[in-house]
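Visitor: Copying in the features that TrEMBL gives for the protein in this structure:
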- 6-24: transmembrane segment (TRANSMEM)
- 45-72: transmembrane segment (TRANSMEM)
- 128-153: transmembrane segment (TRANSMEM)
- 173-193: transmembrane segment (TRANSMEM)
Amino acid sequence: LLIFDFFLSFRWLVIAVGLVRAYLAKGSYHSLYYSIEKPLKFFQTGALLEILHCAFGIVPSSVVLTAFQVMSRVFLTWAVTHSVKEVQTEDSVLLFVVAWTITEIIRYSFYTFSLLNHLPYLIKWARYTLFIVLYPMGVSGELLTIYAALPFVRQSGLYSISLPNKYNFSFDYYTFLILVMISYIPIFPQLYFHMLHQRRKVLSHTEEHKKSE
């Protein structure tokens, strides 16, 4: 698990460096997605292992909340951004990619140092503080990207199944994407307030520990 966390922390750092290098080379933040597309797909898909880690108790996190977070990101990566080429140049893609990258660097660094029993306070503070901005930033980018994909999905009929067919089954991907967007309304606040609760619990405990020393 230590090697897994260190590896993913390092690879998300590589994605961050790739974004910075591409920005410096182009002099613009537009279309930076293409500079990190392959590693993003690989490492975000690899995050599916986190669900198993939670399910088997290797990581003390909620299986349901972790599953939603990971699956939503995998969905955004493959079923929206990869599948609808037209949205890959949208600024909203960069918005959620930057939010994911910073979040994952901090999170995997937190896990790595925790396993080494040598967790710097700065990393703990960043883990339970920067999400206040990064979570809304990432969710905004995700929702805006799905919204941008809607007209192209409707026009192309992407992933949709129409009647009649031999299975007597229909599926409208356009409507499904709208339902996905609506699902953020009840689920995102749960994730956000869960982290706020954890922040109060962890950081207040740390402050009390410092005062007692």
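Sequential numbering from 1, following the chain as shown.
Backbone N, Cα and C atoms are what each Cβ position is placed from, and that goes for glycine too.
What you see is a predicted model, and the numbers here were worked out from it, not measured in a lab.
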Visitor: Six or more residues beyond either end and a Cβ under 8 Å away: which residues meet both conditions relative to the transmembrane segment (45-72)?
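Guide: Distal contacts: 1, 4, 8, 78, 111, 142, 187, 190-191, 194.
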Visitor: Please indicate, using numbers and ranges, the residues of the same chain that are 6 or more beyond the transmembrane segment (6-24) and have a C-beta under 8 Å from a C-beta there.
Guide: 32, 35-36, 39-40, 43, 46-47, 97-98, 101-102, 104-105, 108-109, 111-112
